[in-house]
Amino acid sequence: MQHNMMSKRENTHQYIIHLLIRRTAIHGLLFVFKVLGLSPWKVSDYKITDKNKDNQENLFESSNYGSVYNILLIIISSAYCATITELELWKEDYIDSDLVDKIDLCLMIYGTLLIVIIWLNYILQQKKIVNIVNKLYSIYYNLMICNRYTFKSDYCLYVFPLVNFFLCGSLVIVDMIKSGIYITSIWDTPLIISSWVLMQYTLLLNIIFQLLKCMSTKILELGDIDVENYYRTVLRSKVLLREFSIKDINFVKYAVMQLCEICDQIADFYAIPLLMIIVYTITRVIFDVYYLIVSLFLLDESELFKLYFYVGLLCLTIAFNLIVFTSNITRITREFSKIPHYISLLLNRCAMNSTTKEALLDFLRDTSNRDVNFTTYGIITINGTLLQMLFEMQQRIFYKRENSHKKISFNLLCKHIAFYSLLFVFKVLGLSPWKINTSKILGAPNQNGNQESLAKVSKYGSLYNILLIIILPAYLAMEIILAEGKDEKRNSNLVRTVQIYLQYYGILVIVGIWLNYVMQQKKIVNIVNGLWRIDNNLMGCNRYTCKSECRLYIIPLINFFLCGCQSGFHISFCGIHIASLWITPLIIGSWVLIECTLLLNIIFQLFESIDAKILDLGGINDINEENFYQTINLKVLLKESDIKDINCINFSIMQLCEIFDQIRDFYAIPTLMIIIYFITSTTFALYVTIVELFFNKLEFPMFGLDITTWILIIVFNVVVFTSNVTRITRKLSKIPHHICLLLHRCSMNLTIKEALFDLLRDISYRNLNFTAYGVITLDGFLLQTVIIIIRSSH
């Protein structure tokens, strides 16, 4: 007895030490994320180690103070970068080369831009990442209800951050010894923040993998199958799987589906920061290796050793982050692919009644139709091949406000200002030649009187576009003729010839755009009216709410800011006459893509609202799933009145697919011309930059800002455009799965079931592709194609 008491004391003592170490590690990790601006939310850290299974409170909550802290970080880092640049404290004395200094400056500015966008991403999408972590927390505690379920955690959650902290600390210390505090701060800050962003992403993926692993173990334990050697135990006598196991099967099934949704949400949240981080690390490693090779002939042994040690630590830090990141993605996809196999083993191993077998077959069917993919909006696939691609190259919210009267009034005022400003920009640029009833957009939704049109064809708008076609191209052509021979920065006949051809092609682009709006005005008016009528028709459904996004206002605002900066830089560098020849096609082309992006964003919002309505028919709340797991075994009765809503949804989805195709056809020729202009003009600008850098003919600070904003406008427009296409196709592909959930979840008569099967069949045969008449596929691979073309042209 005394021996047992001593053993219990030792176990208790070990548990307390383990819990203390665990809490210390968690507090240390949270402190690092807080300081770096990667955790601007409130967290109840005691709940992470709490054993209370009935805890229904959220783990994370949005925090205004965290957002303010990130804004202060953005201001301080931008001001610091500007000060360092102005005082030229970033220069190193190892290599006396203007080219190296200019590349240094470009990398330094891009690094500052990288961390600013990372912090902005955490501010704008704070609620999204908070919901992701709270859903993981909810899944963890809901799975605890299952019989004999145990969550097995590994030490990667503590070892990975510790190793990364050691590598980053060593990198800073070595760089301070080598270069001093100013150069260290401006060069290592983007790298360290990028590495901790990847580490945060990795930790979330590790938690998802652990949950999937534990659920796989639970599936095997239902049939008493040995986890370590399941092929041997599966040959033994049959095990009876009782009917109460259906509850555990459904819990595991819906948890797996939840984790698939969370994987998509995590990929969207980290898409833009990850894309920028990959670009930064590639260019940084290439330049540092080049710098190292050149320094072999210029430095003494002691300085060379410091440089070798620093570059080695830099490559080791980047390689470590990428390896642990991609390996966790590979582990998730591999573990998810095993689940259907384990379910098949359970079906073969166990004896069961028809109800239990039907539940397992439903689980098998749902998991077989789902796939887990991690991409940066379709541009780069994040898996084990990412490292291979990198080595070869070496060789995505504002808070929802409360419904108080003052806040609604403020939001409505902002909405009015943003909408009228956007409409004014489109009118001035000749991209909205139709009449539009603004009161219908900003007023209350009209559920009954949807027969009136939102937009109407306007002869005055067409006349304005014709005047633009006559006046502006004539002015630009005259500027080309008068400016020929006066641009002293171009001493090559070939360069001048290519420049003139590009300027004439730019005129052709804007003429083609305006002619398209004149000749197909009725088509785009019908598209706008079609979207308006679909929204009004859906308002007739019970408990339907249209989901709106801040993207409709943020995207045009960013584009307006970038176009304004580009105009200022280009006019300062070239003068207003020459600048007008380049700026006009760029600005009009960018706003055409923005207009198409906004229409696609509206289509996505309607698809998302329809998807939420489908889930709502079965009492499934896809947004807030606190009570979801408690009711998955309770059948919901679909009433005869729901047929009207189902038919309305079916008609709306088919209409949206038709409108999507019409938008694709309307913008096909303008988009094709714009993309060709973007590629050729960017290639020409980069060629001129590289050639003239060697002759020191450029005013580099102003020219660097000019070319940077030019490329930034193009990349921004292409990314937001293709990302919306990707979001629409992804959302449409999820609707059939949710209809299947509705069929499993609800009791219904034969008429309703037939209506749902008709909806499922109609959607399954629809496929959305956005192409420019089949010449270019306008999805996530467009930016990759553009980059490859630009690379191959040099």
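Glycine residues also receive a Cβ, built from the backbone N, Cα and C atoms like all the rest.
What TrEMBL says about this protein:
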TRANSMEM  68-87  transmembrane segment
TRANSMEM  107-124  transmembrane segment
TRANSMEM  155-173  transmembrane segment
TRANSMEM  193-212  transmembrane segment
TRANSMEM  307-329  transmembrane segment
TRANSMEM  463-482  transmembrane segment
TRANSMEM  502-519  transmembrane segment
TRANSMEM  552-573  transmembrane segment
TRANSMEM  579-604  transmembrane segment
TRANSMEM  674-695  transmembrane segment
TRANSMEM  707-725  transmembrane segment
TRANSMEM  770-790  transmembrane segment
The transmembrane segment (707-725) and the transmembrane segment (579-604) contact flag, 3+ Cβ pairs under 8 angstroms | yes
In the same chain, which residue numbers or ranges, 6 or more beyond the ends of the transmembrane segment (552-573), come under 8 angstroms Cβ to Cβ?
-> 124, 414-415, 418, 422, 425, 579, 582-583, 586-587, 590-591, 594, 597-598, 601-602, 699, 702-703, 705-706, 709-710, 712-713, 716-717, 720
Contact set, same chain, for the transmembrane segment (68-87): CB under 8 Å, 6 or more residues outside the stretch = 37, 40, 105, 108-109, 112, 115-116, 119-120, 122-123, 182, 185-186, 189
Which residues of the same chain, at least 6 past either end of the transmembrane segment (579-604), have a Cβ under 8 Å from a Cβ in it?
-> 425-426, 429-432, 472, 476, 479-480, 483, 503, 506-507, 509-510, 513, 527-528, 531, 549, 551-552, 555-556, 559, 562-563, 566-567, 570-571, 573, 656, 659-660, 663, 667, 670-671, 674, 677-678, 681, 710, 713-714, 717-718, 720-721, 724-725, 727-728, 731
Between the transmembrane segment (463-482) and the transmembrane segment (107-124), are there three or more C-beta pairs closer than 8 Å, counting only pairs 6 or more apart along the chain?
-> no
